Amino acid sequence: MPEIKIFHNPRCSKSRAALSLLEERGIAAEVVKYLDTPPDLSELKDIFNKLGLASARGMMRVKDDLYKELGLDNPNLDNDALLRAIADHPALLERPIVLANGKAAVGRPLENIEAVL
């Protein structure tokens, strides 16, 4: 069975739903409570690349107050600056994110996860 990892926040309903989806399918995933054990910059870059996004904002909680407080809505910021911000402030990481089969998906909507399983 391929290694599957979920970046999870137990306080988030979407994250809990994603974990339930994996469990219902009998998939034993490594659960990373990213607020307790945040990914480092290298891991964030890997996730970003696996997501295949044009902008790191696609893996950020752009509606979070912290995002605006830190000035991350500045269009001149590059992906490296955005990923460093997530590394420094893991609460900015969108959740859930599932890594499987060399790919990643943000589970909003949950159907996105299906594409990587």
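Cβ coordinates are placed from backbone N, Cα and C, and glycine is handled just like the others.
The site 'Important for activity' annotation in Swiss-Prot covers His8, Arg61, Arg95, Arg108 and rests on similarity to another entry. The active site, nucleophile feature in Swiss-Prot is assigned to Cys12; the stated evidence is similarity to another entry.
Feature map: annotations from Swiss-Prot on the structure.
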{"residue": "His8", "record": "site 'Important for activity'", "contacts (Cβ under 8 Å, 6+ apart)": "Ser15, Ala18, Leu19, Val31, Val32, Lys33, Tyr34, Arg95, Pro96"}
{"residue": "Cys12", "record": "active site, nucleophile", "contacts (Cβ under 8 Å, 6+ apart)": "Arg95, Pro96"}
{"residue": "Arg61", "record": "site 'Important for activity'", "contacts (Cβ under 8 Å, 6+ apart)": "Tyr67, Ala91, Leu92, Leu93, Glu94"}
{"residue": "Arg108", "record": "site 'Important for activity'", "contacts (Cβ under 8 Å, 6+ apart)": "Lys14, Glu94"}
One finds that other Cβ atoms within 10 Å of the Cβ of Arg95 (site 'Important for activity') number exactly 23
